[in-house]
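To start, the structure itself, in structure tokens.
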Amino acid sequence: MRLSKKLWSLKQQMKRKGASQDMLISKDRLEQDYAVTDISSPHDSINTWCINLSAHHKFSSHSLKMESLAMRKYSLTVVLVGILAAVAMPQNVLAQNCGCAPNLCCSQFGFCGLGNDYCGTGCKGGPCFSKSPGGASVASIVSPAFFNGIINQARSDCVGKRFYTRQAFLTAHDSFPDFGKLGSDVDSKREIAAFFAHATHETEHFCYTEEIDKSNRYCENSPQYPCAPGKSYHGRGPIQLTGNINYGNAGKALGLNLLNNPELVATNPVVSFKTALWYWMNAVRPVVRQGFGATIKAINGRIECGGGAPQKVQRRIGFYTAYCKQLGVDPGPNLSC
């Protein structure tokens, strides 16, 4: 039995999108469950997408030849109505039609979740990360003057002053092209200002490449990402990546063995910025539009928010508002947490 033209088209589409062979539809079995685990925070989350094509979806070549002209016209009408309805629907309704909850994105392959893999390029519905058409590039916003204005405030004896560079950031950004592209130029510049505000606070103007106090290994019990013997997972990099679970997840996303080589985050500037952008796109990006206060909560909320460390919160806000002013945008509401 041959695949119908519709199923053959679906199969080819999945091939073009890089789907694994296990996901492709075979002749004798048109039902496949495919599960993916994505961990975008210290808490595991599992998202499942299923293709369920029952027997009545199997068409023989003979039945296709017998379709009447009227039926084809009817099918075309249904498709056109469906397209128009999809265009008119809000993003959260589209996410629901994809099988996702309203607050989750539907990725280009039909998976539900948050973060760059779901809400970035090819996102079908939900709170997708939209790019600002015709807007300024990240490289033009993070100009030499902007970057140097931060790092030049670090002490001359700082290790980070000879480690962090604008070029390393831009190279790392190539792996996360959706960063700094949020709907409008204002939103995009606010996101960039927020990222560098947190990096400034965490590293003292890019002075430090890793946490000063290394007494805590930050090793949690994790069957998936067990701690390597003698390795410490203390804060490293612009956002101070911390904990074996975060190192494991970041390494998996970047194709690096950071569990066994966590030092890379403090010795390779491109890797350092990549881990910061990875954490940002997965843990912080989904709440950026809620205001700067939400980004503080996503990075260090348990310690600083709710009156935990008001001076540190105000320090982050100060950097953020200063950078927004430099970039010519209003900082927006909800600055504190």
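Along the chain as shown, the residues are counted starting at 1.
Heads up, the Cβ atoms here are built off N, Cα and C, so glycines get one too.
Per TrEMBL, domain 'Chitin-binding type-1' is recorded for 95-130. Residue counts for the domain 'Chitin-binding type-1' (95-130) under DSSP, helix first, then strand, then coil, are 7 helix, 5 strand, 24 coil.
Summarising the annotation, TrEMBL assigns disulfide bond to CYS100-CYS112 (among others).
CYS105 (disulfide bond): 29 other CB atoms within 10 A of its CB, across all protein chains. Look at TrEMBL and you will find CYS105-CYS119 (among others) tagged as disulfide bond.
The local packing around CYS112 (disulfide bond), expressed as other Cβ atoms within 10 Å of its Cβ over all shown chains, amounts to 23.
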